[in-house]
Every structure is written in structure tokens, then in C-alpha cells.
């Protein structure tokens with residue numbers, strides 16, 4: 001398989017934002033093993049440091065912690081994105097709370113992975129968001145499916161283009177939630193990896209723009225079907 | 001009963017004091033005057049006094065009657081005692097007085113007031129004008145006080161959520177009517193008194209002066225009232241914060257610190273360390289983010305339970321799957337990644353489904369040769385589907401059917417019995433995926 005990765009071997013420049021120094025050191029060490037693919041150019045331990053650091057280093061990808069003092073990842077997104085639209089964010093979190101995850105996605109992050117991810121998988125995810133694709137962990141796929149599902153009390157569909165997932169997108173999300181990799185999804189559905197990526201990006205856009213969340217699930221608590 | 005109180009003896013040696021205290025501790029337990037619940041006709045003052053003095057209630061009532069006859073002292077003493085003695089604390093449930101005691105008491109009240117009227121009228125010491133307003137006013141005060149007692153008991157029942165709204169806010173319509181009637185009676189008594197004492201020409205200026213005084217006192221004491229309310233609020237908030245902090249500290253100590261200690265001890269055994277860390281992580285997650293967890297807030301969790309109308313022990317499918325995954329993680333030291341979309345209450349079929357899924361996870365953990373199993377459950381209005389998948393070595397389904405019963409009995413048999421379906425996808429080197437599908441039963445007794 002030939003991908004664009006082969007010709008542009010320039011490593012992706014990564015900036016780490018996490019309030020735990022121990023964790024930053026860990027990620028740095030893990031990514032060092034993939035030095036030709038990913039290069040850590042800087043790190044920050046607070047929202048203020050992150051805003052300054054990102055403006056200074058102009059990285060390709062920011063690995064962003066969801067939970068931090070002073071507003072967390074969502075606050076960093078809010079302050080950095082208007083001035084640096086080219087910087088891509090990938091949320092990296094231990095949080096299981098749908099509200100947190102959806103908040104950073106709607107804030108503009110291109111993906112969400114958990115902190116238990118393997119270093120190889122993390123490097124691949126960084127590369128993927130840097131190329132403009134979205135990265136969904138199984139859990140995020142589950143959250144999104146949940147949010148777009150039809151249930152009593154769900155928000156009305158104001159804009160069908162944004163508020164509904166196509167059957168194909170739903171299938172892709174289900175497979176993601178079942179733990180399939182993009183390549184496995186592609187062979188399962190007899191489509192190309194590129195098409196899978198397109199579907200996931202489209203779901204990401206809907207997740208960011210649709211208003212179904214506020215009214216359906218995240219505003220209230222878990223609602224039983 | 002020891003009359004000599006060592007604490008009052010300034011020359012008493014401390015050793016003597018200690019000795020006496022250990023010898024007869026109950027002597028020094030202060031008995032407080034409480035208003036009685038079991039002998040309550042009006043406010044429970046007579047009953048409480050009788051219990052406190054250890055004499056029959058009848059004697060106390062008789063004393064009040066005599067005091068009423070002589071210059072209306074009885075009601076005055078009664079009201080003062082009502083104000084200063086607290087209600088009997090909740091807990092000791094007491095039966096209200098029986099019909100006989102009630103009749104007797106009411107008769108004595110009537111007798112006291114009647115005697116007082118007779119005595120005053122015949123002796124002429126006080127004009128009869130005095131009786132009507134005072135009786136009306138005292139009656140109103142009794143109503144208001146009773147209502148305050150009732151409000152306090154309600155607050156005890158409700159677990160003391162709010163202090164300020166306890167007086168008026170939480171009562172029923174009936175309680176409010178009683179309260180208003182009491183206030184009207186007290187005002188009426190005061191008004192009657194004024195009308196009889198003061199000539200009609202003087203009434204407007206007197207009323208004006210009264211009003212001005214009331215407003216003045218009100219204005220002067222506003223900051224004090226505000227501070228009282230605010231202090232009360234602050235204190236309550238601080239107390240809640242302290243409780244929360246203690247709860248978090250206790251939780252961290254009980255679980256996290258203990259596990260960290262265990263991990264240090266097991267440092268040479270990586271498998272055990274992973275198992276411990278994984279188990280602790282799961283526990284902490286459930287505590288923080290779980291459906292009934294700490295982060296959700298108790299009221300919300302209770303509401304969710306109520307909405308589902310599920311006995312707490314039965315739980316929801318989401319919780320059941322989480323428990324099953326956790327058990328397998330603990331037993332086999334593998335990571336089970338679970339994603340659940342939607343949720344619903346458990347029933348017999350879903351229990352079978354979860355057991356089958358658990359068996360499938362165990363199979364993956366035991367035979368796949370990899371450390372991670374993915375579980376995905378989707379709850380739809382008509383069906384529940386669970387996928388259990390690993391990226392391990394897989395197997396040839398044709399070859400295992402004879403000697404191993406796990407898949408045949410525990411999974412397929414269980415699903416068949418409850419009307420579910422099983423699909424298996426595997427081949428050597430390709431990993432394994434078990435798909436379990438169970439139709440949802442429509443609740444007959446909705």
C-alpha cells in the first residue's frame with residue numbers, strides 16, 4: 001500500500017499540554033521512540049503556558065489534556081484557535097465523562113484518544129490528525145452514536161444535513177466502537193481507507209456543528225431508552 | 001443521688017473528682033426539660049414538666065389551673081415555658097394522649113379560665129374588659145407556636161435540608177391557614193385591648209406611633225438579621241465542604257493508597273501489577289463517572305434510578321456489563337475495553353445475555369493470547385446487541401465443537417433458550433468476534 005506518508009518524511013511537530021509533569025515526561029519518552037515520525041517541540045503545564053507556547057512554537061499538532069485547572073482543554077482551544085487556525089488539536093484524556101470529551105471535540109479538537117493508548121498507536125494518531133483526518137477512540141464513537149440516536153425526549157432535527165448520521169457513517173462508527181482499525185473497517189465494508197477517513201471526518205464535523213447534544217443527552221443525565 | 005457536687009467544691013482534689021465521676025457517672029448527666037409528646041394537649045409543657053419533675057401530669061395541670069384562677073398567671077407561665085423548653089427530640093416515638101386524658105385536660109383549662117372570670121368579676125380587681133382580648137391573644141399565640149413546633153418536626157423528618165424556610169415555607173395549605181389564623185387572633189387580641197383602653201379620637205396617632213416604632217426597629221435590625229441568615233448559610237456550606245473532603249480523603253485512602261502500597265510490594269510481578277492497577281482504575285472510574293458515581297451527584301443518581309423504576313440491586317444493562325468486564329479483568333489480568341451505547345433496565349433475558357457475553361470475554365481472555373478484549377454493546381428499542389472481539393490467534397470453529405463446551409453450552413445454549421442469536425467470526429490468525437443478539441421484551445406490567 002502506498003500512502004502519502006512515504007514521500008513527506010518530515011516529522012510532525014508536536015506540543016504537549018498536560019498539568020502532570022510526570023505524564024508529559026512519559027509521553028515524551030514514548031514518542032522519542034518514533035522520532036522520525038513525531039517530534040516533540042515543547043510542552044506546557046497550564047492554560048496560560050500553553051497559549052504562549054503554542055503561539056511561540058507553532059506546532060503541527062497539540063496533544064491536549066481535557067482536565068486542567070483554569071478551564072482545561074476547552075479553554076486552551078478557545079484562546080488558541082482563532083489566532084492559529086492551522087494548529088490541529090488531539091485530545092488525550094483519562095476522562096470517561098461524555099460531557100468532557102464532547103466539549104473538547106466541539107471546541108475544535110480533531111480527535112480523542114485515551115491515555116492508555118500504545119505509543120505506536122499514539123504516533124499513528126498524531127500523524128493522522130496532522131494530515132487532516134479525524135481520530136476516534138472506540139469510546140468517543142460510542143458517545144457520538146449515543147448522541148445521535150433516536151430516543152424519546154431527544155432534540156428535534158432542525159437541520160437534517162447536520163443532525164442525522166447517514167447509514168454508512170453509523171456503520172463506520174459502530175465498527176470503530178467495536179474496536180476496529182480503519183483498515184479493518186475498510187475491508188469489512190468493502191470500501192477504501194480513504195473513504196473511511198472521509199466518513200469519520202464528516203461525523204466529526206457533524207459532532208462539532210450539530211446542536212443535538214445540548215438538548216438531547218449531555219444537558220440532562222443518562223436517559224434510558 | 002449525690003448532693004455534694006465535687007465540681008463546685010473549689011478545694012476539691014482532682015483525684016477525688018475523677019474517682020466520683022467514674023463511680024456514678026449518671027448522676028452528673030443533666031436532665032433537660034423537654035416538652036412532652038405523649039401528654040400533649042396544647043404544647044406539651046405540662047406533660048414535659050411532669051416528666052421532668054417526676055410527678056403525675058394531673059398535679060401539674062392542677063397547678064396551672066390554680067395559677068390561672070389567681071390573676072391569669074397560668075397561661076403566662078405556660079407560654080414562657082413553651083418558649084424556653086425545646087421539643088422532645090425526634091426518635092422516641094410517643095403515643096398521643098388518649099381520649100380520657102384529653103377530656104380531663106380540656107375540662108381543667110375551662111375550669112381555670114372560668115374560675116379566673118368568676119374571681120375577677122366578683123372581686124372587681126380587674127375589669128372584665130381584660131379577659132376577652134387576653135384570651136383571644138393567648139389562643140392565637142398557641143396556634144402560632146404549635147405551627148412552629150409542627151414545622152420543626154417536619155424539618156426533622158425531611159432531614160434538615162434548610163433552616164430558613166423551616167417556619168412557613170414547607171407547610172401544607174392547612175398549616176398555612178392555621179398559622180394565619182393564629183396571627184390574626186393575636187393581632188385581634190391586641191386591637192381589642194387598644195380599642196377598649198384608648199378613646200377613638202386618640203386611636204390614629206397611637207396606631208401611627210406603633211407602626212413607626214415597628215418600622216424603626218425593623219430597619220435598625222436589618223443588618224443583624226441579614227448577617228444571621230448569611231452566617232447560617234456560610235456555616236452550612238462549610239460543613240458540607242468538610243464532609244465532602246472527608247469522604248474523598250477516606251476514599252483515596254481506602255482504595256488508591258492501599259493499591260499503590262500493594263503495587264510496590266508486587267513490583268517484581270508485572271502481571272499482578274497490571275491487574276492491580278487496572279482494578280483500581282476501574283473502581284476509581286466507577287466512583288467518579290459511573291451512573292451512580294460521585295461525579296454525577298447523588299440527587300441526580302437517585303432521580304435516574306427512580307426514572308428507570310428499577311430495584312437498585314438489579315441495576316441497568318450498562319452496570320451489569322461493566323461488572324462482568326471487571327470480573328474478567330480481575331481474574332485473567334487482561335484489559336477489557338467496553339463501549340455501551342444507550343441503556344436499559346435489566347431483566348431475565350438480558351441477564352442471560354450478560355452471562356453469555358461474560359463467557360465470550362473469558363474465552364477471549366483465556367485463548368486469544370493477547371492482552372486486550374473489546375466489548376461493544378448497543379441497546380436499541382427492539383434488540384440489544386453485544387460484540388466481543390479480540391485480535392488474537394483465532395481458531396477453526398470446525399475443530400473445537402467436540403471437546404470444549406464453553407461456546408456450545410454457555411453461550412449458544414443460553415442465548416437459544418432466551419430467543420437470542422449468536423454469530424461467530426473467526427479463523428486462525430484472524431482474531432475472534434462473537435456477536436450476541438437478544439430481542440428486548442416489551443414490559444407486560446408497564
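Quick reminder: no glycine exception, Cβ is built from N, Cα and C everywhere.
Caution: TrEMBL annotation is automatic and unverified by curators.
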Annotated range (TrEMBL: transmembrane segment) out of B:38-55, B:128-145, B:146-163: B:128-145
Residues from the same chain, set at least six apart from the ends of the transmembrane segment (B:105-122), whose C-beta lies under 8 A from its own: 41-42, 46, 61-62, 64-72, 74, 97, 128, 130-131, 135
Stretch-averaged pLDDT - the domain 'Histidine kinase/HSP90-like ATPase' (B:348-442): 83
The region 'Disordered' (B:411-446) - residue tally per DSSP class, helix then strand then coil: 7 helix, 14 strand, 15 coil
